[in-house]
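Here the structure comes first, spelled out in structure tokens, and everything after it is commentary.
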Amino acid sequence: MTGDSREMKVVPVLVPMPAERPYSYVLQEGMEAVPGSIVRVPLGPRQVAGIVWDTPVENIESKRLRQVEEIFDCPPIDETARRFVDWVAAYTLTPPGLVARLLLRAPAAFDPEPWSEGIQLTDVEPDRLTDARRRVLALASEAPAWTRSGLAHAAGVSSTVIDGLKAQGVFETVMLPPRPVVPAPDPSYALPDLMPDQMSAAQVLRDGVASDRPGVTLLDGVTGSGKTEVYFEAVAAALAKGRQVLILLPEIALTQAFLERFQDRFGAKPAEWHSDLAPRMRERVWRQAVEGTVRVVAGARSALFLPFKELGLIVVDEEHDPAYKQEDRVFYNARDMAVVRGHLGKFPVVLASATPSVESKVNAMQGRYTCVELRGRYADAALPELKAIDLRRAPPARGGFLSPALLGPIRETLDRGEQALLFLNRRGYAPLTLCRVCGHRFQCPECSAWLVEHRFRGQLVCHHCGHTEKRPDACPECGTVDHLVACGPGVERIAEEAVSHFPDARTIVLSSDLLGGTKRLRMELEAIAGGEADIVIGTQLVAKGHHFPNMTLVGIVDADLGLANGDPRAAERTFQLLSQVTGRAGRTGKKSRGLIQTYQPDHPVMRAIVSGDSSAFYEREIAERERAALPPFGRLAAIIVSADSRADAEGHARGLRRAAPDSPDIHVLGPAEAPLALVAGRHRFRLLIHGGRRSDIQTFLRAMLASGPKLRGSVRIQVDVDPQSFL
DNA sequence: AGCACGCCGACT
DNA sequence: GTCGGCGTGCTC
């Protein structure tokens, strides 16, 4: 070796920005990095954390290279997690750097947690004993080490007592390792008492975990059939094997009640991971996941990107829930990516739901997933009696929206001292306001959607873009005063109607525009569960999580709402939503019922809900999707327009339909649902195409470019993958 | 993603 | 004459 060519060690580093490939950096003298090491590197004017990657480094002029500043004292991100980042990046058309950023969401966690100072007993005897000293010494021998304040507090003495003993040498200082965020769960803490079908289902899941058999199991069980207890057995099996477990839940379902159920089974709570976790806790969970201290994490979708040391099972509860889709920056569906992570890590994945998504049903039918069904219900959770109210036969009184066939049962429920829930998935007072004189309709100036009246706030609000304006008294078109009429119902209007019928009942409206945010919402939900309301009128946020022990009547105000909005998943969503909402009435132990107001009592969704048998509904839905070449059957070019978010996409779709009337059917789905993307310009505009032949897509694009909205720059096809190729 | 640079409209 | 809008380009 010649003197001037001292060996320079160059490493690829994935930096947290939209780079298509890792950047190259030079290691300083004596630095040792392996793939997965977390490093601090200069990037432009600032310093960022990046991950040492393993794709070969290509030649960069050496004068452009900059040095790695620091290698963090942190276990390297493992091979599986790195392949997962690459996979997600390729599948979602996201630069790998941005995906890597999801893994690095806890900046302070790259340095080890500090050890804290503690004390432990020595052989030295104190010079004399006092009452306080006796208590301290008695307690101190019960554990190997204590913190100074912890021991003082436990013994009920001032910490000066400890200081005195320490000065004599009775205690000595020791360094204590960081405290685990949660105690270790014990897989055999409280073995459950399972019913026969739960037992066999649990056995299937346990076997999958025990035999290290990777693969996906769809756990399909009606509300109240005990799915949670069943998948807890899979969790127990994974824990017993020394593996970590991730339980994914839609954010709203991550409740105290769930954590307590887990604690009842395993003797300790799981670590939590969600968006409003305190930063300090977030860092501790991240660090303890990578070090393997934390054994079970219950988290929202972003928990999928925690750098687990030895993950051995993922459970996706409520797998059908749209909250698993992330539609900003990195577009992904956490349920699908969980399947991928399991596949790459060669461990099992359990998808649980009472109303599985059509995709998962198809995957189960076609043998990609193992299907485990739970049919039975606990005795004390008998199904509610469900009935459709045919609004053509029993119409509401003029100007109202509640049928006499629903009002009667509400009265009876109130008379029994029980609670009623009226469900309407529409915020505000009325979805449309018009002028009775000239017919003017209030529209959003930004996006041309109808403005929704919010009477409590005295505003007109666009539910699309958030635009608000004051509700005027006069028509802006013809100037006539006091002739504006509200059309159609929203929850506020239903509340008004309920109050007029039942003035003595305590009525409450629950919707996401409730002032006071999630905290207030949680309090309201608890108050309702505690019996502080008689009639609850709510949007879809009442569908999840909470148990209302005295809720014996559920009325669906407009079951048809949402069936006719052009969304290819409209029927599926409605089925899932209605079945969750009617399920709110089924867990009381008392006789309960669900009444469903509809103009289409023969619609497959209504039949499925009322009969409790969804098989015909799924069959039809699958056939329909297959015919229309919609997901999960992406064979033909079903064109989906999308942009940076679903709301944006709706706007683009409207523009596109106007500009290119000959374009194929345009279905708007969120970006997270579409694996093949055409990118026009840079960020502005994204067309996502589900399935389809490249030639069809190009034909469509050519037509669109000729007649469509102005597209910046060139249009290119980035990726071409089959939506199910990961299985 | 962040950040700098750069080129056209309303202001002390 | 400048402040500041956001369009464009770059980061090993």
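Glycine is treated like the rest: Cβ placed from N, Cα and C.
Feature annotations, reproduced from TrEMBL:
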BINDING   A:Cys435, A:Cys438, A:Cys475, A:Cys478  Zn(2+) 1 binding site
BINDING   A:Cys444, A:Cys447, A:Cys462, A:Cys465  Zn(2+) 2 binding site
DOMAIN    A:208-374  domain 'Helicase ATP-binding'
Worksheet item: Three states by DSSP: which one describes A:Cys435 (Zn(2+) 1 binding site)?
Response: strand
Practice prompt. Please name the residue among the binding-site residues A:Cys462, A:Cys478 whose C-beta has the most neighbouring C-beta atoms within 10 angstroms.
Written response: A:Cys462
Practice prompt. Compute the mean position of the Cβ atoms of A:Cys435, A:Cys438, A:Cys475, A:Cys478, which form the recorded Zn(2+) 1 site, and then list in sequence order the other residues of that chain whose Cβ is within 8 Å of it.
Written response: A:Arg436, A:Val437, A:Gly439, A:His440, A:Pro476, A:Glu477, A:Gly479, A:Thr480, A:His483
Fill in: A:Cys478 (Zn(2+) 1 binding site) - helix vs strand vs coil (DSSP)
coil
Item to complete: Taking only the Cα atoms, work out how far A:Cys435 (Zn(2+) 1 binding site) lies from A:Cys462 (Zn(2+) 2 binding site), in Å, as a whole number.
Response: 18
Fill in: Proximal residue to A:Cys444 (Zn(2+) 2 binding site) among binding-site residues A:Cys438, A:Cys475, A:Cys478 (C-alpha distance)
A:Cys475
Discussion item. Under 8 Å between C-beta atoms and at least six apart in sequence, can you list the same-chain neighbours of A:Cys438 (Zn(2+) 1 binding site), or say none if there are none?
Written reply: A:Cys475, A:Glu477, A:Cys478, A:Thr480
Item to complete: For A:Cys444 (Zn(2+) 2 binding site), list the number of other Cβ atoms lying within 10 Å of its Cβ atom.
Response: 20
Worksheet item: Is A:Cys462 (Zn(2+) 2 binding site) helix, strand or coil when read with DSSP?
Response: coil
